[in-house]
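See structure below.
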Amino acid sequence: MTSTSQFKQLERLGNGTYATVYKGLNKTTGLYVALKEVKLDSEEGTPSTAIREISLMKELKHENIVRLYDVIHTENKLTLVFEFMDNDLKKFMDSRLDREMPRGLELSLVKYFQWQLLQGVAFCHENRILHRDLKPQNLLINNKGQLKLGDFGLARAFGIPVNTFSSEVVTLWYRAPDVLMGSRTYCTSIDIWSCGCILAEMIMGKALFPGTNDDEQLKLIFETMGTPTEQTWVGVSQLPKYNPQIPLYPNKDIKQLLQATTKEQISDVLVNLIQGLLQLNPSMRLSAQQALSHPLFEEYH
């Protein structure tokens, strides 16, 4: 039975939704770990979010998913022992911004990170798990350049029916239009939309759709991707928060948009993948497995 005395607590790394994260040292092995401490309310017991994260994470063993080694349950706190990662994608991108203009990562690195992101997502989806909160802050990177999915605080194994999910998922900028319009029957496609937003952000060095509220978020999406109609997305007008007053924006040239933010040449193959991930109609979005088979990743096949 592991106890917290096996670990030496080092500096605090951050505060999550319901936990504080510390860097720790395993005194037995000499390896660094991340210690996620969840304070327990004596009345309430263990938060259900933490229980959900634990049961999911212990099953998920994949090189692109942060490994949960152990769970230590004491009277007033729960300590989750994760593998230690040096950085996250958000901090990594921020540290490399060209001060002249917002510029993203080199395209070879973008491709390598996106491949790893999709590998992790595909593994989740094969195991009937939605991540539901993919964003650069939740993609952890070590000094070997490995990228891994972390923070499954909102993840939930999905089954049938799937129309009971709460709409409180995914940070606004990475939130799919179907979720923003109140769809309650979403599935793996919500993670795919987030993957598309992250891919664009790695190239551009800034968020593709940086909205401040649901309405503005949808407006930004439609201004770029075009306003959906019943012709392009059957059932869109039946969604609870569909607004028939929204202007009919034409779709913009994504290639031009991306090219304006980088000195490297944006290929049609890359644009094609982004368009496949950022389909407004969730049923038209690529699956993670289809995205991994995309010609952009030919060298990895």
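Note: Cβ is positioned from N, Cα and C throughout, glycine not excepted.
Noted in Swiss-Prot for the protein shown:
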DOMAIN    7-297  domain 'Protein kinase'
BINDING   Leu13, Gly14, Asn15, Gly16, Thr17, Tyr18, Ala19, Thr20, Val21, Lys36  ATP binding site
ACT_SITE  Asp133  active site, proton acceptor
To the nearest Å, how far is the Cα of the residue listed as 'active site, proton acceptor' from the Cα of Ala19 (ATP binding site)?
16
Other Cβ atoms within 10 Å is the metric here; tell me which of the binding-site residues Ala19, Val21 scores highest.
Ala19
Local confidence of the domain 'Protein kinase' (7-297) - pLDDT mean:
88
Helix, strand or coil for Val21 (ATP binding site)? Use DSSP.
strand
